[in-house]
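**Student:** So that we are looking at the same thing, I have put the structure below in structure tokens.
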Amino acid sequence: MPAAKFNKKKAVKRDDPQSKRKKKDELFTPKRGKKEEENDSDLSDALGEEEVEDGMLDGDELGSGSGSGSGSEVSSDGDDPLADDFFHGSDEENVSRSVSGSDSDESDIEEKSRAIDEERAREEKDAADEMQLNIKEESDEFRLPTKEELEEEALRPPDISNLQRRIREIVRVLTNFKALRQEGATRKDYVEQLKKDIGSYYGYNEFLTGVLVELFPVVELMELIEAFEKPRPICLRTNTLKTRRRDLADVLINRGVNLDPLSKWSKVGLVVYDSQVPIGATPEYMAGFYMLQGASSFLPVMALAPQEKERIVDMAAAPGGKTTYIAALMKNSGIIFANEMKVPRLKSLTANLHRMGVTNTVVCNYDGKELPKVLGMNTADRVLLDAPCSGSGVISKDESVKTSKSLEEIQKCAQLQKQLILAAIDMVDANSKSGGYIVYSTCSIMVDENEAVVDYALRKRNVKLVPCGLDFGRPGFIRFREKRFHPSLEKTRRFYPHVHNMDGFFVAKLKKMSNKIPTTQSSEALEEEAVEEEDIEAEKSANEKTDGECLHPQVNDGKKRKKVVSEKHEVENGEESKPGVEKRKKRKFPSREEISKAREEKRQALREKKAGGSKK
């Protein structure tokens, strides 16, 4: 019994791997011929009969009790031909079915993938063809609109997408004008169309658009205009009279303010990205720990560089951002005269001075042109003039500038700025041990309000330009179109929103060399009178050219009138002038025709003399 059990288990263990091997061999072995299969079947039948006989003998020897075991052994034997044939047939059928099914599936997948690839290739080709078509239509063959097309556009509502595309195309053509220009079209045609489109798309008036086009190349012009459409970052200035920047940043971060240091050039500035609390109503703001102030407003005070115990004048102080910054740099020592001409703005100025803890400032309300008479000539160490201007650099804050400015208004601003800068220079003491500096700044990018005003001051007073102390910013213009300025205007600095991410700004720093006003200078009214007199004289001389006897007396009378004007100016200024210099300045030279006629007369006279001498 134990032997029979052992053989049964042994047979079971022996059969499983063999049957598995047979299945694998049948799957992976190549097909045989019919003769080989018949020989194998005969051999297996013979072997099966022998094994059955052996099993019968073994069963008889073991006894009747082992019959069931022998039967089970025969049935479990892996070499049973019937079982082998059964399993063999079923495996072949399954394999053939699976192979045929897999072949059909693979063929379907291949067809689908091929169709997908073809569709994708077709889409890519269509996209490429469309792109080439667009490039040919819109880029290479861009045409300026005709008068009829422009008239039709004027009757319809503005097509924003068409305007934007045309602006982009005109800029592209102007950057490579020789290669891309339309036949028969000039650069002026493209520029004029660009001005109109900018005015329609962005809302600028014709004057301001023309000024911007003259100031910048077209690519930079579009960058500037796009920068004007976006607000500038919110900036804070730490009040060093009450706290430090690091401590203030920690407190504001805890209140949910996302901020960073402003830049390397400022030790007190912070830029705010977003805030969970109103940044202008925090307890720290109310306590005067910081001032909401644009980054560009830091620059004039940094250029002024006030020292402790100095006497400083801020000619246009409201709302107090620059004044409180000066007081912080002076550590509340010395004295600051904060002047503001407009009475309503005095409230914000005094409120900010109290909130920030400034104690060395006197607030006054005078016209800036009259300050030298009030505070005295040559009495201040430094003067800051943040002059009233057109505001063409802060369009992102005040979009009304786009349409409200004109040439007349710019000229009025420039005239006022010239008077204010002369007053600022007159207040500064050239003999100051630590000072003698004037800083002139505007929030404008106009040349007439910036370089032209500083150049005027250089001609009217004994001052020179010095470096601003700012290691960034673009240098000022030395020449602009037909205008030519002093070469030292390179030391002035211009700041633009598209370059420095701050409001458009101009800063110039002047050093006063002498308290004496140059004697050869005269007021603009006197200059205009002199010009008018010269024009009158020219008209009279043109009318009286035929009467040679009357020409010289008229010139002498004009000179006498000029002398009277110069004597009046001497009495007003209380100083002596040099009449000889005035004569040389106002001398009128004869024309070429007169010179050639005089030479011909001299030659004729010499010939007559020679002819008379030879006769004698």
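Note that Cβ sites are derived from N, Cα and C of the backbone, with glycine treated the same way.
TrEMBL lists 1-12 with the feature compositional bias 'Basic residues'. Here TrEMBL flags 1-129, 518-616 as region 'Disordered'. Summarising the annotation, TrEMBL assigns compositional bias 'Basic and acidic residues' to 13-37, 85-95, 110-125, 538-550, 564-582, 590-616. Taken from TrEMBL, the feature compositional bias 'Acidic residues' applies to 38-61, 525-537. The domain 'SAM-dependent MTase RsmB/NOP-type' annotation in TrEMBL covers 224-513. According to TrEMBL, the S-adenosyl-L-methionine binding site annotation covers Ala316, Ala317, Ala318, Pro319, Gly320, Gly321, Lys322, Glu340, Asp367, Asp386. According to TrEMBL, the active site, nucleophile annotation covers Cys443.
Relative to the rest of the structure, where do these features sit?
**Tutor:** The number of other Cβ atoms within 10 Å of the Cβ belonging to Lys322 (S-adenosyl-L-methionine binding site), over all protein chains shown, comes to 26.
Within 10 Å of the Cβ of Cys443 (active site, nucleophile) there are 23 other Cβ atoms, across all protein chains.
Counted with DSSP, the compositional bias 'Basic and acidic residues' (590-616) comes out as 24 helix, 0 strand, 3 coil.
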**Student:** Which is it, of Ala316, Ala318: the one of these binding-site residues whose Cβ has the most other Cβ atoms within 10 Å?
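**Tutor:** The residue with the most neighbouring Cβ atoms within 10 Å is Ala318.
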**Student:** Which residues, sitting 6 or more apart from Gly320 (S-adenosyl-L-methionine binding site) on the same chain, put a CB under 8 Å from its CB?
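**Tutor:** Ala338, Ser348, Leu349, Ala351, Asn352, Leu353, Met356 - these are the non-local Cβ neighbours of Gly320 (S-adenosyl-L-methionine binding site), listed in sequence order.
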**Student:** Looking only at residues six or more beyond either end of the compositional bias 'Basic and acidic residues' (590-616), which have a C-beta under 8 A from one in the stretch?
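**Tutor:** Those are none; the list is empty.
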**Student:** Using a Cβ cut-off under 8 Å and a sequence separation of 6 or more, which residues in the same chain sit near Asp367 (S-adenosyl-L-methionine binding site)?
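**Tutor:** Once residues fewer than 6 apart are set aside, Asp367 (S-adenosyl-L-methionine binding site) is near Met341.
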**Student:** Taking only the Cα atoms, work out how far Ala316 (S-adenosyl-L-methionine binding site) lies from Cys443 (active site, nucleophile), in Å, as a whole number.
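**Tutor:** One finds 13 Å between the Cα atoms of these residues.
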**Student:** Just checking a number: largest C-alpha distance across Ala316, Ala317, Ala318, Pro319, Gly320, Gly321, Lys322, Glu340, Asp367, Asp386 for the S-adenosyl-L-methionine site, rounded to a whole Å.
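**Tutor:** Between the most distant Cα atoms of the S-adenosyl-L-methionine site, 20 Å.
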**Student:** Average the per-residue pLDDT over the domain 'SAM-dependent MTase RsmB/NOP-type' (224-513) and send me the rounded value.
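**Tutor:** In the predicted model, the domain 'SAM-dependent MTase RsmB/NOP-type' (224-513) has a mean pLDDT of 94.
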**Student:** Roughly how many Å lie between the Cα atoms of Lys322 (S-adenosyl-L-methionine binding site) and Cys443 (active site, nucleophile), rounded to a whole value?
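**Tutor:** Their Cα atoms are separated by 14 Å.
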**Student:** For the C-alpha pair, I'd like the distance in angstrom between Ala318 (S-adenosyl-L-methionine binding site) and Cys443 (active site, nucleophile), rounded off.
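**Tutor:** About 14 Å separates the two Cα atoms.
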